[in-house]
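As recorded in TrEMBL, the features of this protein are as follows:
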DOMAIN    72-257  domain 'Aminopeptidase N-like N-terminal'
DOMAIN    292-500  domain 'Peptidase M1 membrane alanine aminopeptidase'
BINDING   H364, H368, E387  Zn(2+) binding site
ACT_SITE  E365  active site, proton acceptor
SITE      Y444  site 'Transition state stabilizer'
DOMAIN    581-880  domain 'ERAP1-like C-terminal'
Amino acid sequence: MLLLLGRRVTLSFVNRFTKSSPSSLSKPVFISSLLIKFRVAHSCFLVSTAVRNRGTMPERRPFVRLPTDVYPVNYGLCLKPDLIDFTFEGKLEALVEVTQATNQIVMNCADIDIITASFVPQGGEEINATGFNYQNEDEKVTLSFPSTLQKGSGTLKIDFVGELNDKMKGFYRSKYTTSAGEIRYAAVTQFEATDARRAFPCWDEPAIKATFDITLIVPKERIALSNMNVIERKPYPDDENLLEVKFATTPIMSTYLVAFVIGEYDFVESQSSDGVTVRVYTPVGKAEQGKFALEVATKTLPFYKEYFSVPYPLPKIDLIAIADFAAGAMENWGLVTYRETALLIDPKNSCSSSRQWVALVVGHELAHQWFGNLVTMEWWTHLWLNEGFASWIEYLCVDHCFPEYDIWTQFVSADYTRALDLDALDSSHPIEVRYRLSFMALSYMESHSVVIKMLQQVRTCRKCGLYNFHPNLGLFSAEDLWDCLEEASGKPIAAVMGSWTKQMGFPIIVVDQEQQGDNRILKISQKKFCASGPHNGEDCPSWMVPISICTSDDPTCTKLKVLLDRPEMTITLNSVSPEQWVKINPGTVGFYRIQYSSSMLQSLLPGVRDLSLQPVDRLGLQNDLFSLSRAGMISTVEVLKLMEAFVNEPNYTVWSDLSCNLGVLSSLLSHTDFHEEIQEFIRDLFTPIGMKLGWDSKPGEGHLDALLRGLVLGKLGKAGHKPTVEEARKRFKDHVEGKQVLPADLRSPVYLTMLKHGDSSTLETMLKLHKQADMQEEKNRIERVLGAISAPDLIQKVLTFALSDEVRPQDTVSVIGGVAGSSKQGRKAAWKFVKDNWEELYNRYQGGFLISRLVKVNIFFESHPAPSAERTVQQCCENILLNAAWLKRDADDIHHYLLQRKAPPV
């Protein structure tokens with residue numbers, strides 16, 4: 001599953017107003033971060049209320065897993081959805097095994113009414129249930145029987161009814177508009193993590209696997225899809241307008257991977273080189289937009305077959321675009337569901353960043369067909385490994401399919417640095433969270449940054465084979481993987497990885513050097529890094545840290561590797577002359593920050609200016625210094641001086657990370673009287689690269705040039721660079737009048753610039769373009785930048801628009817987040833809007849993860865609990881205090897430096 005948590009860098013010029021704002025839903029983001037940015041740390045009121053009112057959320061009841069005395073072997077499931085009344089009827093005939101005599105069966109069940117239930121022991125007489133005891137808070141039902149069910153096999157029969165809800169979870173309805181303008185509905189599913197129980201009573205735990213025989217009774221003019229291929233389609237005897245569609249038996253699988261879709265779709269079809277039928281389902285009339293994803297999927301399946309040494313086990317795989325979809329995508333086995341923007345590419349109207357996003361998401365979900373579906377986490381505490389592996393290998397896949405994307409460098413900016421920022425907070429958690437669920441950004445970003453990417457250095461992931469864990473049930477835990485890797489590599493993998501997955505946080509590596517003849521002596525120490533500064537307590541944790549070192553003699557080659565398994569050590573680098581620089585963590589792979597001594601840092605700066613440092617290392621150096629400044633370990637002025645050394649920088653991802661950090665600083669200074677000075681700094685920094693790129697693509701340019709142009713023009717336009725604003729106005733006018741349509745890669749920066757410096761007429765024009773757009777990508781592109789409008793009355797208009805029928809429910813948070821991320825006025829207005837409309841927002845998302853993307857401040861939630869956003873509230877309060885301390889500590893120095901830059905030379 002891919003949650004849209006801003007893990008991507010793909011549209012960073014629009015949304016990275018702060019370090020953790022969404023890049024469009026960019027990888028990735030998701031992208032990266034939560035959407036609303038109420039980090040108004042410099043507001044004394046918010047800081048003081050956060051300090052005074054940091055209460056705790058109401059205590060939850062202890063969670064208890066299902067009993068093990070009865071388990072399913074096969075689900076025979078028949079569902080009949082009503083797409084008019086939004087209900088469904090269901091019949092379940094489950095072959096079960098009773099392992100211990102009992103007179104009751106406990107299952108998961110939520111928002112379902114059981115009509116009848118009975119048990120038929122093998123060779124025995126049917127026993128009718130005498131009671132259904134619903135435990136609504138625990139989402140369970142207990143079926144009571146008048147006599148004891150003896151050990152052995154039997155069939156559990158249940159008739160039930162449920163609702164096709166509008167909450168984007170379970171079995172739900174998705175609204176779409178036909179080409180004739182008629183509103184219709186599809187019936188679709190989203191079961192991860194624990195919502196299969198909203199479609200049928202089941203044992204809804206990942207380790208309780210079974211096979212599934214699914215039958216759907218659907219309107220004859222609708223397409224019906226499920227995990228497996230159709231084996232029978234016949235008229236439904238009770239209604240000539242319905243069809244009964246029966247699917248083949250699935251492999252043994254977890255309930256959260258079951259899926260079915262009933263709706264109107266077109267499709268494009270192909271076959272992978274290893275013989276798997278691949279279809280991409282699109283809205284009617286948009287089959288052309290499925291061809292890019294089809295190309296990626298047909299390339300990816302053989303790549304994964306070779307990588308895992310295991311063929312894809314199903315006869316087909318369908319990828320389908322769902323109109324209303326809370327996540328980015330979901331890896332249901334054989335029927336992968338996506339947001340339209342994560343699957344559909346219009347050859348003429350999709351930007352380069354959207355192509356990259358689709359490639360990454362397709363790669364991610366198809367990786368899950370092996371790691372996650374064929375082998376599955378035993379419990380949700382290992383979600384980090386399930387998602388971490390898929391989030392790492394999606395980059396491997398895209399690098400294979402599109403090497404020109406330089407995707408591994410983008411990985412560092414999109415995921416690695418975001419994970420460091422989150423895990424530096426006191427409100428973070430160990431990777432292996434001992435909670436019922438752990439759908440948090442760290443499950444995606446920290447895990448594959450810390451573990452999988454570091455393991456890649458050992459180069460044993462591929463050797464160990466994926467399926468050595470529990471071949472009968474296909475279950476895994478982290479310990480299984482470590483044992484396997486340890487056996488394959490002969491290295492202490494379990495000990496190393498345990499230090500990273502079982503404790504919170506990561507180290508800062510402090511490095512100093514001394515020259516002794518032809519050798520360089522390095523003193524390296526570690527301590528826990530915190531966003532508020534290094535950990536100085538007595539009980540400081542430590543890690544087993546793989547340390548790599550390179551020198552300017554060959555920046556692409558690791559000169560030495562050591563394992564830092566103690567608080568400090570001394571290392572000798574032989575044959576390193578005094579003029580050579582030394583770089584720790586080449587490739588920015590190890591999950592730690594680095595603090596160099598002053599002399600080492602100064603020696604690295606020429607490598608930034610002359611580009612001899614690799615792009616990913618130039619990025620990592622700047623990002624480490626920025627985080628050290630926020631933590632109070634160095635002055636922010638030192639970072640600004642370093643940023644000015646990037647005058648010759650050509651790399652998109654490096655500029656993206658610079659842009660992101662400058663966005664954080666701009667937001668921090670937005671309440672000061674020298675906010676314009678930081679805008680001038682941004683204009684000065686970005687103008688040379690902007691002039692070099694120009695507005696129009698040149699022969700020989702590629703994917704990364706298009707991304708960089710959009711990033712730079714968006715940054716200059718937002719910062720008020722007059723030539724950029726004037727050219728944007730001209731091109732926007734021609735676009736609206738139909739004289740010259742804007743290339744897709746220029747639309748976001750132009751739209752952003754126009755709104756930032758626009759008026760009511762500009763907003764009306766943008767809303768008109770939104771209404772006219774036939775492609776969801778274009779609608780989302782507009783929605784994400786509407787918040788850039790400045791006038792208070794227009795900000796309110798945008799917020800009202802966010803809850804209108806013009807915006808799909810899953811995109812409301814993007815609109816509100818855009819408002820909150822654009823300005824101090826926007827943050828205040830967005831927060832008031834969320835409070836005023838809390839009941840509607842909470843009911844709309846009903847405890848799903850979208851609510852955590854919306855929530856970013858604390859005091860309100862003591863009287864309006866939102867358990868799924870609890871950690872987000874904690875992180876927000878911590879960030880408020882950190883930013884307040886940062887501003888208080890460095891504001892005067894920053895102001896002085898910015899003024900000094902403008903002063904004429906003496």
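Cβ atoms here come from the backbone N, Cα and C positions, even for glycine.
Annotations in TrEMBL come from automatic prediction, not curation.
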Additional residues around Zn(2+), ordered along the sequence, whose Cβ is within 8 Å of the centroid of H364, H368, E387: M1, L2, E331, E365, A367, F371, G372, N386, F389, A390, S391, E394
Cβ neighbour count within 10 Å of H364 (Zn(2+) binding site): 30
Neighbouring C-beta atoms (10 Å sphere around the C-beta of H368 (Zn(2+) binding site)): 26
Distance, E387 (Zn(2+) binding site) to the residue listed as 'active site, proton acceptor' (CA atoms, angstrom): 10
